[in-house]
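**Student:** Below is a structure I'd like to ask you about.
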């Protein structure tokens with residue numbers, strides 16, 4: 001069997017294993033899904049009046065703010081899901097079965113690829129669920145063409161792949177589930193410090209560059225542009241650059257960590 | 001190693017040992033775990049690495065099974081160099097580690113099918129092999145339950161069943177019976193014997209001397225990262241003295257006359273038992289019996305104690321065993 005077909009075959013076996021775990025024990029996934037949904041409802045129904053007045057000025061209503069925060073919350077959903085990835089990778093590494101995999105004639109990277117693909121699928125599913133809640137409370141896209149929908153979908157997948165590879169690396173360096181959950185905390189903190197809830201322009205001047213160029217803001221702004229027709233500008237390239245960069249970085253980091261002798 | 005293979009046809013003679021290690025070293029920081037060990041395991045035999053906790057047994061297994069890398073040493077498994085061709089080695093071996101290598105979140109059957117997929121068996125072949133092994137290891141009833149709920153013995157059986165899916169020719173078992181109850185232990189021994197009967201080479205570690213004695217063709221005693229002794233169980237037992245004949249009496253008078261007839265023995269006045277040094281040979285026993293006959297006494301019970309691996313183990317590993325513990329241990333039997 002060629003290296004590639006071995007890699008594909010073993011990775012899909014590992015993917016099946018991870019999906020089986022997720023299906024058997026959906027509580028972790030559901031817990032992580034709760035965060036974005038709660039935040040959505042909190043910001044819309046509790047803080048909604050102040051927030052919409054803050055961003056829209058005259059004539060802004062709740063619908064304006066819903067439209068504003070949904071793209072950010074979809075990205076936050078991905079961040080929240082990959083915390084689960086870091087935890088489950090870290091948990092998995094303490095299992096004896098991983099030692100067994102390491103002594104079998106299988107493709108080495110397949111264990112990680114299985115986690116990554118499984119996690120990306122979960123992210124997409126979570127995004128769809130949170131999106132459905134958003135639509136239920138009144139979110140509508142503005143004139144998005146099929147091509148823009150496709151691009152938006154592609155962006156969500158690519159961005160979740162980027163965060164997932166980093167999360168896998170975080171899971172590998174964490175000795176236990178608690179540490180993994182702590183190490184992956186930036187995944188949910190960064191979207192709070194992005195343009196997800198309030199525009200970057202309203203932040204203090206010294207903080208603005210940080211908020212503007214961290215991975216989440218360009219991704220959120222690009223998604224906003226695709227779904228709502230706002231200005232994307234250089235954010236499209238920034239989002240693409242961050243995503244591809246993080247995929248490459250995360251891949252090499254995680255595979256190098258996995259190749260080391262286990263503790 | 002002083003195994004002289006019997007004269008064999010050319011083809012058989014060419015069969016290389018299943019496992020060889022020369023100058024195997026491994027240390028973690030300052031701590032030397034394996035300090036240059038040499039071993040060779042002929043195909044189709046059981047080799048036991050025996051040692052106290054922390055002797056380096058698990059490290060040796062981890063290295064030979066490609067899980068971790070050695071610092072130095074020339075290592076060959078199944079004819080392949082470990083450092084150069086780990087993938088080829090992995091294709092030939094099966095490993096059951098000390099801590100169960102089963103996926104607890106999925107069922108026993110799913111674990112088996114996972115292994116079948118990773119060995120690239122066809123779907124039908126995978127199902128057949130999985131069903132067969134579940135049957136053989138008495139796991140059919142539990143097959144649909146999550147493995148995390150299995151008992152220790154069941155987990156270990158599932159673990160071995162998973163190891164066997166790919167039909168490995170060399171199997172590493174790291175303390176396969178640690179933590180098992182006596183029945184499960186005997187089941188495990190039966191499994192190992194079956195494997196060997198099929199021509200599989202088994203490399204096992206154990207801290208139970210009885211287990212090494214029961215199963216292994218050759219035993220190496222590992223202590224402090226070095227091999228303290230190696231040989232068959234019989235060869236190892238010859239290393240230490242300690243054989244004796246034990247005579248027990250119910251009649252105190254008979255005990256006393258026996259004690260005077262057999263001077264040189266150690267007496268236990270409480271238990272009315274005599275312990276006479278002996279190598280256990282027929283000639284030696286006859287002389288004891290002759291002397292008893294001459295004195296006209298009859299023992300109620302006569303037992304021959306040859307040194308067992310416990311004696312060897314304690315002698316070689318220098319474990320702090322005061323001589324007094326020997327006595328109660330004998331008395332328990």
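Just so it is clear, glycine is given a Cβ too, placed from its N, Cα and C backbone atoms.
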**Student:** Ranges A:1-23, A:185-207: which does TrEMBL label transmembrane segment?
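**Tutor:** That would be A:185-207, the stretch labelled transmembrane segment in TrEMBL.
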**Student:** Out of A:25-46, A:66-90, A:111-137, A:185-207, A:236-254, what stretch is closest in contact terms to the transmembrane segment (A:149-173), meaning most Cβ pairs under 8 angstroms?
**Tutor:** A:236-254
**Student:** Please work out which recorded stretch in A:25-46, A:66-90, A:236-254 has the most C-beta pairs separated by under 8 angstroms from the transmembrane segment (A:111-137)?
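**Tutor:** Checked against A:25-46, A:66-90, A:236-254; highest Cβ contact count belongs to A:66-90.
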**Student:** How about long-range neighbours of the transmembrane segment (A:25-46): same chain, 6 or more residues beyond its ends, C-beta under 8 Å?
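**Tutor:** Long-range Cβ neighbours of the transmembrane segment (A:25-46): 62, 65-66, 69-70, 73-74, 76-77, 80-81, 83-84, 87-88, 122, 126, 129-130, 133-134, 137, 188, 197.
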**Student:** Do any residues, 6 or more residues outside the transmembrane segment (A:236-254), come within under 8 Å Cβ-to-Cβ of it, and if so which ones?
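**Tutor:** That would be 112, 155, 158-159, 161-169, 172, 213, 215, 218-219, 221-222, 225.
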